[in-house]
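Working notes for the structure below.
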Amino acid sequence: MERNLKNVLVISFGFLLLFTAYGGLQSLQSSLNSEDGLGVASLSVLYAALILSSMFLPPVLIKKLGCKWTIAISMCCYIAFSLGNFYASWYTLIPTSVILGLGGAPLWSAKCTYLTIAGTSYAEKAGKNAKDIINQYFGVFFLVFQSSGIWGNLISSLILSQSSNKVDISEEDLACCGAYNCLTDASNTTGSAKPSNSLIYTLLGVYTASGVLAVLLVIIFLDQIKSDQAETEKEKVEEPSFWSTFLATLRHLKDKRQCLLIPLTMYSGFEQGFLSGDYTKAYVTCALGIQYVGYVMICFAAVNSLCSLLFGKISQFTGRKFLFALATVMNTACIIALLLWKPHPKQLAVFFVFPALWGLSDAVWQTQTNGLYGILFEKHKEAAFSNYRLWESLGFVIAFGYSTKLQVYIKLYILLSVLVLSMVMYGAVEYLKAKGSPGAPISTKKEDGGPHTQETHM
């Protein structure tokens with residue numbers, strides 16, 4: 001157990017170091033690289049590459065390289081993105097975003113595969129239930145990993161708050177902040193002049209070093225999977241080729257319940273994209289300064305983590321319908337309030353209320369939507385969760401793609417419209433489930449009966 005637990009901790013802290021850097025950078029993209037919408041464009045490209053990556057790269061790399069080296073090499077893709085930010089331009093940031101997107105899916109798949117093999121191996125030796133051990137390992141992983149959102153944003157705020165370029169914001173400048181923001185780069189950096197290059201390079205240096213430490217941790221301390229275990233896992237990963245996965249994903253759309261869940265799944269990408277791409281830029285950076293982005297996103301990450309844990313426990317008592325209704329009310333109230341609110345530095349607490357409520361809602365969207373997929377499509381989990389990854393990623397792509405083309409109030413109306421449509425469609429799914437309608441089942445040669453963990457992080 002000690003050796004297996006050591007490997008679980010190595011992976012957990014490796015991901016913690018890696019996503020401390022990536023999470024902080026993602027939150028800053030719309031503010032740090034606002035010229036011509038470069039930052040949000042890079043995120044849109046990143047998620048588009050992730051869609052392609054998830055279709056064919058994971059089984060190929062795991063088969064050829066093994067889990068350990070797939071994790072290590074995929075982590076290097078994230079470091080490339082940090083390096084691309086040193087001299088951010090369309091010629092550096094877009095290619096490195098593609099690299100990160102391509103490395104994202106193999107990284108998470110290899111991690112899931114490694115933890116599953118380690119748990120199964122220990123369970124066989126100890127004579128315990130494999131699912132119980134695997135769940136324990138994933139529990140340890142997420143306990144460590146979830147805090148990355150806090151540390152990455154804390155680092156950015158602490159470093160950027162050292163800036164001496166702070167300026168007073170005039171009421172005229174503040175009028176350009178919020179839902180009806182002026183569509184110019186200058187209007188979104190009035191809260192403080194752009195931090196000096198030395199501060200930006202210091203921040204990027206810390207993030208890059210964090211990524212490098214993650215890679216070294218995995219290379220030096222993570223054990224390679226034994227050959228007999230690897231061969232057993234290869235049988236699993238060889239089967240789903242690009243075309244079989246792609247066709248299974250499309251075939252699953254014959255199930256009308258899956259089609260009805262598309263708006264809800266895409267909404268998850270829309271709402272996360274709005275918070276990290278638009279709220280941070282048009283409200284926080286514009287009215288307070290870029291140094292506050294990290295603190296605001298810490299609030300979101302902390303509430304999200306706590307509520308994810310809480311809702312996972314209380315859902316068995318309240319049911320998912322109540323939680324979906326709660327998240328809908330919270331998100332709707334936030335959207336309406338953001339349409340009406342004129343952000344002002346004197347209202348500092350309000351800047352943190354929105355991400356806190358957003359984190360509460362997002363915890364419901366993540367935990368309950370994933371759980372709903374697992375319950376509705378128990379016999380076809382692989383195809384179902386491929387659809388989940390596809391439609392959520394497409395939501396991110398669209399949200400970041402139109403980020404620089406539309407004013408914030410239009411994006412809020414779009415968000416509200418998608419939310420309303422999502423809940424109407426979700427209601428139809430619950431109606432079909434209550435009636436006992438099975439949808440349109442698909443036929444596959446092999447059903448996925450093993451443990452499945454859905455990732456919502458990059």
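Placed from the backbone N, Cα and C atoms, the Cβ positions cover glycine too.
Per TrEMBL, transmembrane segment is recorded for 39-57 (among others).
Among the features that TrEMBL reports, transmembrane segment is placed at 69-88 (among others). Beyond the transmembrane segment (69-88), the same-chain residues lying 6 or more positions past its ends with a Cβ under 8 Å from any Cβ of the stretch are 11, 14, 18, 21-22, 25, 32-33, 38-39, 46, 58, 61-62, 95-97, 99-100, 102-104, 106-107, 109-111, 114, 201, 204, 207-208, 211-212, 214-215, 218-219, 222.
According to TrEMBL, the transmembrane segment annotation covers 94-117 (among others).
When Cβ-Cβ distances below 8 Å are used as the criterion, the transmembrane segment (137-160) is approached by residues 4-5, 8-9, 11-13, 15-16, 18-25, 27-28, 111, 115, 118-119, 195, 199, 202-203, 206-207, 290-298, 300-302, 304-305, 308, 453, 457 of the same chain, each at least six residues removed from its ends. Residues annotated as transmembrane segment in TrEMBL: 137-160 (among others).
Here TrEMBL flags 199-222 (among others) as transmembrane segment.
If you look up TrEMBL, you'll see 289-311 (among others) marked as transmembrane segment. Using a Cβ-Cβ cut-off under 8 Å and counting only residues 6 or more beyond its ends in the same chain, the transmembrane segment (289-311) has close neighbours at 23-24, 27-28, 31-32, 146-147, 149-150, 152-158, 160-161, 163, 166, 189, 191-192, 194-195, 275-276, 279-280, 323, 351-352, 355-356, 358-360, 362-364, 366-368.
For the transmembrane segment (323-341), the list of distant contacts is 178-179, 271, 279, 283, 311, 315, 350, 354, 357-358, 360-362, 364-365, 368, 408-409, 412-413, 415-416, 419, 423, 426: same-chain residues at least six beyond its ends, Cβ to Cβ under 8 Å. Sequence annotations record features per position, and here TrEMBL assigns transmembrane segment to 323-341 (among others).
The annotation transmembrane segment is assigned in TrEMBL to 347-365 (among others). Here the transmembrane segment (347-365) has Cβ contacts under 8 Å with residues 264, 267-268, 271-272, 275, 279, 283-284, 287-288, 292, 295-297, 299-308, 310-311, 323-324, 326-327, 330-331, 333-334, 337-338, 341 of the same chain, all six or more residues outside its ends.
For 410-429 (among others), the entry in TrEMBL reads transmembrane segment.
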